[in-house]
Amino acid sequence: MALSFCGYDKGDSYSVEKGVLNNGCFVDALNLVPHVFLLFITFPILFIGWGSQSSKVQIHHNTWLHFPGHNFRWILTFLLLFVHVCEFAEGLVSNKMMETNHLHLFMPAFIGFIAGTTSVVYYHNIETSNFPKLLLVLFIYWVLAFITKSIKLWKFAEYHVGPRHLRFCITALLVMLYGLLMAVEVNVIRVRKYVFFANPQKVKPPEDLQDLGVRFLQPFVNLLSKATYWWMNPLIIGAHRRPIELKKIGKLPIAMRALTNYLRLKDAYEGQRTPEDPERAPSIWRSMYQAFGRPILLSSTFRYLADLLGFAGPLCIAGIVKHLKTQNNTVTTKDTFFFGVYFMSSTELLQNTSVLAVLLFLALILQRTFLQASYYVTIETGINLRGALLAMIYNKILRLSTSNMSMGEMTLGQINNLVAIETNQLMWFLFLCPNLWAMPVQVVYHVILAHSFSLTLSITLSYLLHSGSLCIVMGVILLHYLLGFSALIGASVIVLLAPVQYLIATKLADTQKSTLDHSTDRLKQTTEILKGIKLLKLYAWENTFCDRVEETRGHELTSLRTFALYTSLSIFMNAAIPIAAVLATFVAHHFMNTEGPTPSEAFAALALFHILVTPLFLLSTVVRFAVKALVSVQKLGEFLQSDEIGDDSWRNGDVSVSLDTYKKHPGVMKAINRKQPMRYQMDSYEQPARRSNRPPETEDAAVKVSNGSFTWGSNLSTLSDINIRIPTGQLTMIVGQVGCGKSSLLLAMLGEMQTISGRVCWSKLPECEVLHEGNISKNRYSVAYAAQKSWLLNATVEENITFGSPFSKQRYKVVIEACSLQPDIDLLPFGDQTEIGERGINLSGGQRQRICVARALYQNTNIVFLDDPFSALDIHLSDHLMQEGILKFLQDDKRTVVLVTHKLQYLIHADWILAMKDGSVLREGTLKDIQNNDVELYEHWKTLMNRQDQELEKDTDLDSQTALERKTLRRAFYSREPKNQVDDEDEEEEEEEEDDDNMSTTTSRRSKIPWKMCGCYLSSGGFFMVFLMVSSKLLKHSVMVAIDYWLALWTSAKSEGETRNGTASEGRNYTVGNVTTFLPGALDSQQQDSYYLPVFIILCAAGITLCLITSLTVEFLGLSAATNLHHNLLNKIIHAPIRFFDITPLGQILNRFSADTNIIDQHIPPTLESLTRSTLLCLSAIGVIASITPAFLIALVPLAVAFYFIQKYFRVASKDLQDLDDSTQLPLLCHFSETAEGLTTIRAFRHEARFKQRMLELTDTNNTAYLFLSAANRWLEVRTDYLGAVIVLAAAIASIWTANLTNNYGSTAGLVGLGLTYALTVTNYLNWVVRNLADLEVQMAAVKKVNSFLATESENYEGTMDATQVPEDWPQQGEIKIQELSVRYDPMLKPVLKHVNAYINPGLKVGICGRTGSGKSSLSLAFFNMVDMFEGKIIIDGIDICSLPLQTLRSRLSIILQDPVLFSGSIRLNLDPERTCTDDRLWEALEIAQLKNMVKALPGGLDAVVTEGGENFSVGQRQLFCLARAFVRKSSILIMDEATASIDMATENILQKVVMTAFADRTVVTIAHLVSSIRDAGKVLVFSSGILVECDSAAKLLAQEDSLFRELHRVHTILTADLVIVMKRGNILEYDKPKALLEQEDGMFASFVRADM
């Protein structure tokens, strides 16, 4: 037909005889005018001149200023575009009814659609640049369009075209929309006054958009970008080129920050307290509803809209199937023509299949958009709630009573659970809320639709409905309506199995708890093994302790096996119940009814059975989360109501952001977003509002306690009758026995204890000090406090020392030198900028203690409290710290110092002494006062002082405890390079990526799926299990498709048979797409049932069986892989050389056994199952569609390409964001645990506000990563949902096109509906394919890390001799021959021992000494073949130890190490873990070690409990247990590797005495810690730089003037002197204590000692 604007049907098409406005074609042409006007005006601005327009307000992100009515305008514009689509469709359909083409029927709608799109693009650009004057163009356009459409509507009414005609309804809608848009434009003019007003209003962008750091733009973008997450495109696409980093995601907007949400929640929480009942416990549920109820209601509204739109899909599919038969049978009448053109009715358009296909597409787009919006709002609200709860919990922690922590009422574990578990439980419960509230609409709508349509409508409902109990009831009623009583049998199957599903869900939760308990025990045992691995290898106990871990792992695997079984049953039930119900129903229907079900009845019933199963599974999930949420709220409520430190003390605790204070500062929220550092704003309103000052007293006493009685919370007072004064500017020492209350007295003065009676008074500051603000003034309310138990931050050394105070280089250096920290700092890889880890775990106790003391010294406070700072220091460091740190640095600064100590030799320096006993002050005064008034006490002190002075002799050897600590530190940090270079695959790949200039190579590497690791994981599970999983999965999904397909053939055959009315035939080939199926003809209904029913039963039975097999195979494949990977990892690690543990950080190894093992155990199997299920569902759906309509494959190619790029970009970005979420969560949890552990220190320093600010920053950082991850997931789901909608559209168009070509409408209608229904499943599962693929990629990193450790080489445990060839009593004599021995730690390192030759007679006591690094300890390891003896050999009793199996060699020797190691369990386990000794032998060993009486007094005796690390015993007792352990073995050779270095003198005397008596007839090799300790040795081996330089008796070596041993002894003597005078040519050059002279690096004495060293 020729094209014509007005057509050629009649000769009067262009006639204007009745008036121009009475010609419909001219009216339609008039409607083109506004659209052409807009396009003509806006196109030059948009595409030519807009680039030169400059914004009046510069916005960093180039984002959005929202004019008034912004969202309403976008909604109206979307509605306008939708109505234009309907107008265009109506015009096209109407045009088909005309004899010639009438372009005016649809062209104005098409041009109107383009103009509407242009208007929104134009508006967006104007809004972005804040140039409102150009909006006048849109105002004119809306006015013109409103006028022209109103004329058209007026003419329709004049010619009696009414609502029954679709074109009238569309025109009326357009008039309304144009009118509303015109009103919006008028409102913008009214508010902004950009035209017609003399003074236009000036506006600024939101403050968040002025902050360069805010990158989360979801609240600020336009509606289309919000709906599609278009603003995320640069981030996700950019991640493909460069990894996403923290600075790239920036900060959160103000409204989403933890502080904002905390204020909101705190307001709601505190608002429930009334003046009448101030102690009333507020409801957390009510607080959450008041603070966050509005966004949840918004999310529910979106969910309602999504669910309502979800029914448009089934409606359209049902319409397509129904009208395939009748689409060409439209009858036109005279009543349908006006203005010479065809006017269709309102319902006629919906009978056109092509129109329905487009409406189906649009409905799916809108439905998925609203659904994702609902998800996003809910998740954002949940994250905001979590941030608010974390801030509330943290505020409570900072106010917690110390007695709660000390008395065990509130443990660190409970606090960590609140932070890590309970807040997440509430967040996840919030995520489920919209699902719960959306049920009623779905149920009602389902009932309405069920009576209207039958076939494909109900099929599609199974994939769209969520439901509750009402849905179950209505589903059963509808089933009865469709199939009669037989349906009730199928429904009863579902209902009866519902309790089973709930029981399985409950069992799953219980099993998970049990698994967690076993996992915790296993990790605890693994940690102990790794910490004590050196001892285990030396005693050949590694297999014994490995078996302990394997036993615990066995219990864990039993729980995991039960968990896997219940998970499999849960998956099986959800997949198999619908099949079982359908099978029961149709078998019952076959026997109860003579006529079989029609296709509509069959597929409707099938869909309903799927519907009934979903809510039952969802119900159990919701109930579980609801119960968990209730428990979490109860725990949270109890925590928030727990005791706080008293408000009446100076330690008043409300350091939170007080709402009253906040309300007095209206500019606070505005100030938060400025560029200045956040902490300075926090200080303005973060300070306590109600905190009372310390009560003032006289100036001579800094602190005074009057009639004080204090308790930790029990009825009995810990401190009683305390009347003391702390002199200002002087050194006060508190002494007394262990447990007498010294530390408690400090805490009582700090306000941490509960006051029973009395008061603590603090002096005022001099006014001159108060007025100073410019300098670092002394803080009146802050006390520098160093606790007895060292507490460090997870930060750098410098940050731990400065502790938030301004950095002063000179002061910092003085403090470092006073605490002897410089040598330790020099050993750290980054100096004082090295992060020292959580609780300083990579530092020794002495190093941690000195950093804590340095922190107290550095703070510029008036008062310093030091609680036993010398406890972890040797006497040398203690003396230096006392002289330089306390007496010189603090006293010269006139600071008040309170020192708790056991070092009585320092009492002579005290200005004031407090002697305590049993919780009260025994004596108070100066040392002279006590000497005069209490002679007995003074003599007792004098005796103890003399004994302690003797300890100074122990520390003068240069290889002291401090030197050993530094040696350990050096090894820990600097020996890791070879390991990192050889084994760290991750770092190698990262370096390759950084060095690779080819961006495409880097991109492909980042986007590549780790197939190698997937293969490694699957092979660990076993090839049989992999084969079983793959084959059963493929078979299962094939059978599931076959069931639906066979049911379609069966019901279609019955339908065709009824249509033929019994006409006989030979049979026929039934063709769908490329599939041809033979259907028997000439069969009555009974014969057809007998043909189809058995096959249907077999298929259903096979489907149920395969559901069980697939669910079991996936879970048990994962369990098998987890079992093998952990077993191999444990054996590899436990049998690795000791060098491996020197160069690999303990935390890295523990991560393999904790986080990575947990991922392999519990996360990978469900992800793998979900991925395979989603992928096969999508593939089977595409296969069904392609078999029904092969033309669909043409459209599939571009869709597959689009899907490939979407998943490719998403996986890379998702991995980066997931890593950011994980990496930002750990510092947050660590900060909570750090705060809880160091609560007393933080409150003493008065740094609560700073720590609160840090918590808010960490929370916001973690929430930012989580929000971006959530937005990325929405980005993916929106795009995959839109792709799914396009697939549905393509399938619908292909089906309609195929039906039109074949003219076979009736026989293919049911299968077309089936194909479209399968297309809808693609929409649901397409995004899960990508999500699961991304998750699996992240989780496979755990397998990669474990696999990298499996490449570690094990020690060679097999010697050249067989264990049976070694005599059972070897070594009997203890004779040792060392011949040309050369030793190294690694083939890549230099030798540490070179050509050593020595002979040790049986039973001889040998001492080994030398300077630091001379090779002493290396020789002790060589005896046990723990180092590489690449030359020479050691022969013990005639046997070369290198020829012996390692287990045999190490089990025949005994050693006592410097650090005593005990394992949790029993005393028996620590003495004899292999259980080869009798109780008598164990008691004998304990008696020799002088521990028998102590052990007998313990409950259980030999089976008494030993806590982790032996913490329930003192260090000395632990070392004596190690001595007893060595004696139990009864070896003829004992190695003592600096065994007395870390114990007191009394314990050392016991140890030496036992060695001389119990080991009198055995060979004892002592690695000397003190030169004096080996004076009596029968032979002394002196090493220097790995070479044995001297070998003789101690007496002979001392007699040789040039002997190195004598030189060491001489240095030892000089360093123990009280005074050293250095002279040269009769002049005294240096004169001081040895320690002071050594610190003068350029001094002669220091150079003299260094030369001797």
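Cβ atoms here come from the backbone N, Cα and C positions, even for glycine.
Nobody curates TrEMBL annotations by hand; they come from automatic prediction.
Non-local neighbours of the transmembrane segment (72-93) in the same chain are 105-110, 112-113, 116-117, 119-120, 123, 166-167, 170, 173-174, 177-178, 180-181, 184, 222-224, 344, 348-349, 352, 355, 358, 362; each lies 6+ residues outside the stretch with a CB under 8 Å from one of its CB atoms. Residues annotated as transmembrane segment in TrEMBL: 72-93 (among others).
Feature annotation from TrEMBL assigns transmembrane segment to 105-123 (among others). Residues 5, 28-29, 31-32, 34-36, 38-39, 42-43, 45-46, 73-74, 77, 80-81, 84-85, 87-88, 90-92, 94-95, 98, 134-135, 137-138, 141, 145, 224, 341 of the same chain, all 6+ positions outside the transmembrane segment (105-123), place their C-beta atoms under 8 angstroms from a C-beta of that stretch.
A Cβ distance under 8 Å defines the sequence-distant neighbours of the transmembrane segment (135-153), meaning residues of its chain 6+ beyond its ends; these are 21, 27-28, 30-31, 33-35, 37-38, 41-42, 67, 112, 115, 119, 122-123, 126, 168, 171-172, 174-175, 178-179, 181-182, 185-186, 188-189, 194-195. According to TrEMBL, the feature transmembrane segment maps to 135-153 (among others).
As annotated by TrEMBL, domain 'ABC transmembrane type-1' applies to 305-628 (among others).
Here TrEMBL flags 341-366 (among others) as transmembrane segment. Sequence-distant contacts of the transmembrane segment (341-366) (same chain, six or more residues past either end, CB-CB distance under 8 Å): 7, 24, 82, 85-86, 89-90, 93-94, 97-98, 102, 105, 161, 163-169, 309, 312-313, 316-317, 319-320, 323-324, 326-327, 330, 332, 1281-1282, 1284-1286, 1288-1289, 1292-1293, 1296, 1320, 1323.
Taken from TrEMBL, the feature transmembrane segment applies to 426-449 (among others).
Sequence annotations record features per position, and here TrEMBL assigns transmembrane segment to 461-481 (among others).
Annotation source TrEMBL lists transmembrane segment at 563-591 (among others).
Taken from TrEMBL, the feature transmembrane segment covers 603-627 (among others).
Sequence annotations record features per position, and here TrEMBL assigns region 'Disordered' to 975-1004.
Annotated compositional bias 'Acidic residues' per TrEMBL: 983-998, in sequence order.
Per TrEMBL, transmembrane segment is recorded for 1009-1030 (among others).
Feature annotation from TrEMBL assigns domain 'ABC transmembrane type-1' to 1039-1337 (among others).
What TrEMBL records for 1091-1114 (among others) is transmembrane segment.
Annotation comment: TrEMBL describes 1176-1206 (among others) as transmembrane segment.
Residues 313, 317, 320, 324, 353-354, 356-358, 360-361, 364-365, 368, 1182, 1185, 1188-1192, 1194-1196, 1199, 1202-1203, 1206, 1305, 1308-1309, 1312, 1315-1316, 1319-1320, 1322-1324, 1326 of the same chain lie 6+ residues outside the transmembrane segment (1282-1299) yet bring a C-beta within less than 8 angstroms of a C-beta in it. Marked as transmembrane segment by TrEMBL: 1282-1299 (among others).
Here the transmembrane segment (1091-1114) does not touch the transmembrane segment (1176-1206). Their Cβ atoms form fewer than 3 pairs under 8 Å, with each pair 6 or more residues apart.
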